[in-house]
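Chemist: Structure incoming, see below.
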Amino acid sequence: MLKSNKVVLIGAGGVGSSFAYALTIDNSLVHELVIIDVNENKAKGEVMDLNHGQMFLKKNINVLFGTYKDCINADIVVITAGLNQKPSETRLDLVDKNSEIFKDIITNVVSSGFDGIFVIASNPVDIMTYVTMKYSKFPIHKVIGTGTILDTSRLRYFLSDRLNVNTQNIHSYIMGEHGDSSFATWDETKIAMKPLSEYLAEGKITEIELDEIHKKVVNAAYEVIKLKGATYYAIGLGIKNIVNAIIGDQNIILPISSYINGQYGGLVKDIYIGAPAIVCKEGVKEVLNFKISPKELEKFNSSANQLKSYIDKIEF
């Protein structure tokens, strides 16, 4: 059960600050946002900057600088802290360093008495979500990662741009790792009620174009990092959607880092990976186990095995 509609953000860098900004301008439910960062001046500066815009908000939110002690009565702790991906680095290159950072963060949060829901956005997010579950010993439904929510948004944007259809009417997901081994669920994709396969049959789009769209999704982060140094606006909006789904008990389906233990063919077990799930006030209500094609199932297993190979090297 929700306690106080209070969210604690750990990490006041580009992603954390973008989430905080998105939450303040589109907030109807959160009463308090506490920001924590190892760089206390950065956190204090973000708090001041956000509070100075209160006059322009539809609903005020109490934004505060805090410490780990403030987690005790929070409903949600959002973690964006950790080292960022550099040009030419993959997200998986960050495993060792960010695992050590997380061990300290999770220990401090749990020691405060926090018993709410973790939302993880730090990369590699699927592995960091698993790390959070292991270090916190929290139930799996109370540990959520952003997963492929950003990848899915990118996919729908690129497909909507190609077909000239609003993104809200495109029903498709990116599944698997939030990274290079992800895949698009093209065989299940629909534009409103019309299967994508009919668009292909009518010659309105080609298989080659779909492959190019998926490549653009996979390479999007590298491109943005090359151009501006980091990605943060879009993922900030994605985190805000997850938080609102929890606080608002929305029962919305989101492609998050979900705990998989036998779904999708039974081969993938004990791992967090991008898959659609129902998100509500309790965290994850259900991981959807919908039917995907054999080709996509093979990609799902391959992506999971890659993540597993990194997780198995971490000492818990």
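Heads up, the Cβ atoms here are built off N, Cα and C, so glycines get one too.
The active site, proton acceptor annotation in Swiss-Prot covers H178. According to Swiss-Prot, the feature NAD(+) binding site maps to V15, D37, K42, Y68, G82, L83, A121, S122, N123, T146. The substrate binding site feature in Swiss-Prot is assigned to Q85, R91, N123, P124, V125, D126, D151, T152, S153, R154, T231; the stated evidence is sequence analysis. The beta-D-fructose 1,6-bisphosphate binding site feature in Swiss-Prot is assigned to R156, H171; the stated evidence is sequence analysis. What Swiss-Prot records for Y222 is phosphotyrosine.
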Chemist: So what sits near K42 (NAD(+) binding site) in its own chain, CB-to-CB under 8 Å and at least six residues off in sequence?
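Modeler: For K42 (NAD(+) binding site), the qualifying residues are A12, G13.
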Chemist: In terms of DSSP three-state secondary structure, what is the assignment for N123 (NAD(+) binding site)?
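Modeler: Going by the DSSP assignment, N123 (NAD(+) binding site) belongs to neither helix nor strand, so it counts as coil.
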Chemist: Tell me, how many other CB atoms lie within 10 A of the CB of V125 (substrate binding site), whichever protein chain they belong to?
Modeler: 29
Chemist: Ranked by the number of other Cβ atoms within 10 Å of their own Cβ, which of the recorded positions R156, H171, H178 ranks first?
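Modeler: Highest number of other Cβ atoms within 10 Å: H178.
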Chemist: Tell me, how many other CB atoms lie within 10 A of the CB of G82 (NAD(+) binding site), whichever protein chain they belong to?
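Modeler: Total other Cβ atoms inside 10 Å, all chains included: 25.
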Chemist: How many Å separate the two farthest-apart Cα atoms among the NAD(+)-binding residues V15, D37, K42, Y68, G82, L83, A121, S122, N123, T146?
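Modeler: In whole numbers, the farthest two Cα atoms are 24 Å apart.
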Chemist: Under 8 Å Cβ-Cβ from S153 (substrate binding site), six or more apart in the same chain: what's there?
Modeler: T167, A234, L237, G238
Chemist: Please give me the binding-site residues out of V15, A121, N123 that lie within 10 Å of Q85 (substrate binding site), comparing Cα atoms only.
Modeler: N123
Chemist: Between C-alpha atoms, which of these recorded positions comes nearest to G82 (NAD(+) binding site): D151, R156, H171, H178, T231?
Modeler: T231
Chemist: Using DSSP with the three-state reduction, classify K42 (NAD(+) binding site) as helix, strand or coil.
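Modeler: It is helical.
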Chemist: Have a look at the binding-site residues V15, N123, R156, T231 and say which one has the shortest Cα distance to Y222 (phosphotyrosine).
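Modeler: Among V15, N123, R156, T231, T231.
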Chemist: Give me the count of other Cβ atoms within 10 A of the Cβ belonging to V15 (NAD(+) binding site).
Modeler: 28
Chemist: At the Cα level, what's the spacing in Å between N123 (NAD(+) binding site) and R156 (beta-D-fructose 1,6-bisphosphate binding site), rounded?
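Modeler: The separation of the Cα atoms works out to 22 Å.
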Chemist: Comparing the binding-site residues A121, N123, D151, T231, which residue's C-beta has the most other C-beta atoms within 10 angstroms in this structure?
Modeler: A121
Chemist: Can you figure out which of V15, D151, R156, H171, T231 (the binding-site residues) comes closest in space to the residue listed as 'active site, proton acceptor', comparing Cα atoms?
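Modeler: Nearest listed residue in space: D151.
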